[in-house]
Amino acid sequence: MGREFGNLTRMRHVISYSLSPFEQRAYPHVFTKGIPNVLRRIRESFFRVVPQFVVFYLIYTWGTEEFERSKRKNPAAYENDK
């Protein structure tokens, strides 16, 4: 290779296209097309994703409360002690 970047050796049967940094736009249509597309995708996948998170949250909170309850001593077992 031995050449500087941008003037690399030519390869046969390889077509490459380039665009000047002055001709390209960094974020074209981000606000006009990008954000509405994100909102549309969230709205479409809401009912596929949210129920699973709700079920996971309910199971997690139940398990945490049950674990904390099982760590406590039962006061009824010690009523006859002096």
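Residue positions begin at 1 at the first shown residue.
Backbone N, Cα and C atoms are what each Cβ position is placed from, and that goes for glycine too.
Among Ser16, Ser70, the residue that Swiss-Prot annotates as phosphoserine is Ser16. When secondary structure is read from DSSP and collapsed to three states, Lys33 (N6-succinyllysine) falls in the helix class.
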